[in-house]
Each structure stands twice: as structure tokens, then as C-alpha cells.
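Features reported for this protein in TrEMBL:
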- LYS265, ASP270, ASP288, GLU349: Mn(2+) 2 binding site (BINDING)
- ASP270, ASP347, GLU349: Mn(2+) 1 binding site (BINDING)
- LYS277: active site (ACT_SITE)
- 345-352: domain 'Cytosol aminopeptidase' (DOMAIN)
- ARG351: active site (ACT_SITE)
Amino acid sequence: MANPTFTLPARGATPELKLSKKAPKSTDAILVPVLLGEEGPELPASPLLDDAALRAVLTSLTAVGATGKAGEVTRVPAPEGAAGTSVIAVGLGDPEELTDETVRRAAGCAARSLTGLKTVSTSLGVFGLAAAVEGIALGAYNYRGIRGGAEDNGTPVGKVVFVGDTKVDADAFETARVTAEAVILARDLVNTPSSHLYPESYAGIIAAEAEASGLEVEVLAEKALAKQGYGGILAVGQGSSRGPRLVRLTWTPKKSKKTVALVGKGITFDTGGISIKPAANMENMISDMGGSAAVAATIIAAAKLDLPVKITATLPLAENMPDGLALRPGDVITHYGGVTSEIINTDAEGRLVLADALVRASEDKPDYLIDTATLTGAQMVALGVRTAGVLGSEELRDRIAATGRDVGEPAWAMPMLEEQEEELKSPVADIRNAHPNRWGGMEFAALYLSRFVGEGIEWAHVDIAGPSYNTSGVHGYTPKRATGVPVRTFLALLAEVAQED
Ligand code: BES
Ligand code: ZN
Ligand code: ZN
């Protein structure tokens, strides 16, 4: 059993979310959608404003130059008879082009403008309740880190009340709420510095969260890893004084037809090891466990939602450090299951720990095996920082990429490259962990991983090096730093798989 005393040193703040038939009497402001009409802004009917109030708000909005374009936030005084002191209108753009993603992004922009308010009531759910809930929760999210009393950077709105039908909308609301909570857990884990999140503490935190949601938990520490032959995980972890772990979580619902195995890279800090990284931006490597955080948050949410699909999570956790015991270029290691790798570059460590995990996950003969990892800088060269690369079995690959785009987590299918088979060969081991040129680094990593996937298993690999951690500006409902990608893709896929025979 994991040590239950580990907890996250800080959590991101996010508002309490409620679904209610009527707006509460004590609300500070109301948040309504506004559309981009051909002749200026258009204010759709809202359960929060009667006809006279609606006309008054539209007059005010027009007077201050609001247009209704997507993401535009305008605040005007509340008209006579409306609850609260102000009305905040968020643009949804051209109604003809309205999608869930428009609503999520607009809700995210609106949420950031609500900073400091106690309670806000909204009719944004009229254009998609789940999208509005996710957009508000994820846009309002604010991680303030670990502070000794120094001033912080803003408190998000305390509570957001979505006005809707408490019977008809209850399920969609609850699913969206739990989904956003999962994204936020993944963000909190990724945002936690490696001083506080290392394999032992990380395993303890995940174990506690998972047990509280009714999952079965197993944590293997170094002795058990050595006994069972997890040579990849041990090799990457051997240069750190904080030893590696393998966390296994299992969700077994009462009814299930399919089994999905999820695997996530959990490098709690990636210095590169002996093939050390340059100093510039190395602090971002606290995010190198983003794959495992997304997988842990996904399986915990699946349990909370009682999804009728069996799920296993296999999370190899290690810290990649250079010390006297560290792995060297030229070393040969033996993975779980017996395949050997020649180490060319110790900074290509993610694939080494994932290799062991993929073999272990394959032993359960899942219908689908999906891994996700902040695996290669090449992913960002190929697809930019917001779009994940998806590789593997063609059908599953294409399905995951499409699901990702559907939920607002952009993803794109990439090919496996035949010419790289040759580049995988080593003179001293079964395969080597890096290839001798700069081309197709994301594809080479996927090819390496493919050697560890059990015979006949449908497999996909999602490279989230860029999408998991936002080092540029805030946009839509995506804050700086951890994004929580691809939790929403995985939950959407699992909900679909639960319906399959
Ligand atoms: N964790 C990195 C990949 C990464 C880079 C993630 C930047 C997020 C932002 C990974 O372990 C790595 O260093 N990969 C190397 C592989 C290479 C040595 C074959 C890379 O991509 O450069
Ligand atoms: Zn690395
Ligand atoms: Zn890494």
C-alpha cells in the first residue's frame, strides 16, 4: 500500500458549480450570451432577463460598442428588476457557425472576467450546457502555487449557477462537472513542482485519490520492480536518489463488455540524464509526467461516472537525473518481458519506461491499448504546440484524433514510417532508443513503442509534448502551464466504447 500521507501542496482554485431551476436571489452578476447579428449584437431570450430587461441590456451593450463576436466580454449595469448589480455578456459570434467549442471558449473568456465575484448566475447553458460548464470551470481555473503569504494573482468567481431544467439536464451537467474536475486534477498534478511531486509522493497522491473513488490500486516500489524485471523503469530511475514506482489502477464496473488499457508517461522531472538538457526552459520539465496525470485523472473520473467499461491504468513513474549511478549512453538494458534496448541517448527516457508499461498492460489482453506521453520535441516541430500527434493501429488512431478534435483537444493522425525499421536496429541489443538523424522523431518514438505492444492488440500512442503544457499565452479556456490534455478526449472515447458490443 502506498503511503497515504502525501497530498498535493497546492490546488488550483475553481468555482463551485450548480444547476438550478431559478437564479438564486443573491447573485452578484448575471452572465448571458450575445450573438453577432448582421445589424449589431443580438441578445437571445434568457431565463434570467424578462423582455424589458433584455431590451435595456441590449441598448446598453450597443451603446458601449459590443458586437457579439466570439469571446468578446462586455459588462453593463444590471437593468431594473434583474438580479445582481451587473450583466456580463459574452459573445458567441455568428449563430450559423456556433459549435460546442465556440461555447467552451467563450465561457472560458467570460470566466476569467468574473474574478473576485462571489456568485454569478448564467444562461450560457442554453447554447450547450456541457460546453458552458466545462468552459467556465476550466477557464476560471487558477493555480497559485506554494506561497508564504505573498499576494496572489486573483481569486476566481466563487460559485456559478447554471439555470436549466434540473431533471432533463442533470446527467449532462454532472458528466460535464466530473469531466472538468478530472481535467483540473490532471492540471494540479502537472503544475506541482518536482520538489513536491516525485515518484513516491506522486504514487501516494494518486493512490489516495483512486482509492477514494473505488479503484483497485497497486504500487510497485524498487524491490518489487527489480524482482519482476522492470528494467526500463529501473534504468531511468537509477540516477535519482528518489526511486521509481509503477502504479496500477483498475476500474471494474458491475457490467462491462470491453476492456481499455491506458498507459501514461510519468517522468516527474526530466533533466535528460547524462545526455543532459540545456538550462534554458528546463523548468518546464516538471510537466514530463503529463501523460500519467491525464490517465490517472481519466480513470478516476470514469469510476465517478460509473462508466460500464473495464479500465486499467499503468503508470511508470521515475525521475530522470544524472548522478554516479545514472544510466549511460552505450548501456544495454533488459525490459519487462525480455526485450533489450541499447541506450543511445538518456534523454529518450520516456520510451524506456513506457516499454515496460506497455508489456505489462498487454498481459491483460485489452480490447484497446492507449498510451499518452510528453514524448518528443519532434511532436511540436511537426504539429505545433496545441495539436497532439496520434500514431498506431490505423482505425483506433484515426478515431482518437477525431474524438480529440471533437472535444476541443486538437489531435492529428501521423504515419508509422517503414524506412525507420532499419534505424531501430542495434549492433548490441534487440533495438536502440534513438535514431541517427533528425527526421521523424515522433514517428521513430512510436515505432520503438510498437515493439512492446502485445500481438494483435489495437494500440494508439498520443504524443502530447506540446499540448499538455502551455508556455505561451492564455487562450479560450486554456490557462498558462498545465492544460489537462487529453483527459476530455479519453473520457469521450471511453463513454463511446462503453456503448460497444
Ligand atoms: N520529455 C522530452 C520531450 C519533451 C520536450 C516534452 C519538450 C515537452 C517539451 C523527452 O524525454 C525528450 O527529451 N525527448 C528527446 C528525444 C531524443 C533525445 C531522441 C527529444 O525530443 O529531443
Ligand atoms: Zn527526455
Ligand atoms: Zn521526457
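Glycine too: its Cβ is placed from the backbone N, Cα and C atoms.
Features recorded in TrEMBL, as mapped to the structure shown.
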{"residue": "LYS265", "record": "Mn(2+) 2 binding site", "CB count, 10 Å": "32"}
{"residue": "ASP270", "record": "Mn(2+) 2 binding site", "CB count, 10 Å": "26"}
{"residue": "LYS277", "record": "active site", "CB count, 10 Å": "14"}
{"residue": "ASP288", "record": "Mn(2+) 2 binding site", "CB count, 10 Å": "28"}
{"residue": "ASP347", "record": "Mn(2+) 1 binding site", "CB count, 10 Å": "19"}
{"residue": "GLU349", "record": "Mn(2+) 2 binding site", "CB count, 10 Å": "29"}
{"residue": "ARG351", "record": "active site", "CB count, 10 Å": "27"}
Cβ-Cβ under 8 Å with the domain 'Cytosol aminopeptidase' (345-352): same-chain residues at least 6 beyond its ends: 232-233, 235-236, 265, 267, 270, 272-277, 288, 318, 320, 322, 326-329, 333, 335, 373-375, 433-434, 445, 448-449
Cα separation, ASP347 (Mn(2+) 1 binding site) to ASP288 (Mn(2+) 2 binding site) (Å, whole number): 12
Those binding-site residues in ASP288, ASP347, GLU349 whose CB falls under 6 A of ligand 2, listed in sequence order: ASP347, GLU349
Neighbourhood of ligand 3 - recorded positions from LYS265, ASP270, ASP288, ASP347, ARG351 with Cβ under 6 Å: ASP270, ASP288
Among ASP270, LYS277, ASP288, ASP347, the recorded positions whose C-beta sits under 6 Å from ligand 1: ASP270, ASP288, ASP347
From LYS277, ASP347, ARG351: recorded positions whose CA lies within 10 A of LYS265 (Mn(2+) 2 binding site): ARG351
Those recorded positions of LYS277, ASP347, ARG351 having Cα within 10 angstroms of ASP270 (Mn(2+) 2 binding site): LYS277, ASP347
Sorted by sequence, non-LYS265, ASP270, ASP288, GLU349 residues with Cβ within 8 Å of centre, Mn(2+) 2: VAL236, GLY266, ILE267, MET285, MET289, ALA318, ASN320, GLY350, VAL353, ALA373, THR374, LEU375
For the domain 'Cytosol aminopeptidase' (345-352), mean pLDDT (0 to 100): 99
Spatial neighbours of LYS277 (active site), counting only the recorded positions ASP347, GLU349, ARG351 and Cα distances within 10 Å: ASP347
Other residues, Cβ within 8 Å of ASP270, ASP347, GLU349 Cβ centroid (Mn(2+) 1 site): VAL236, ILE267, THR271, GLY272, GLY273, SER275, LYS277, ASP288, ASN320, THR346, ALA348, GLY350
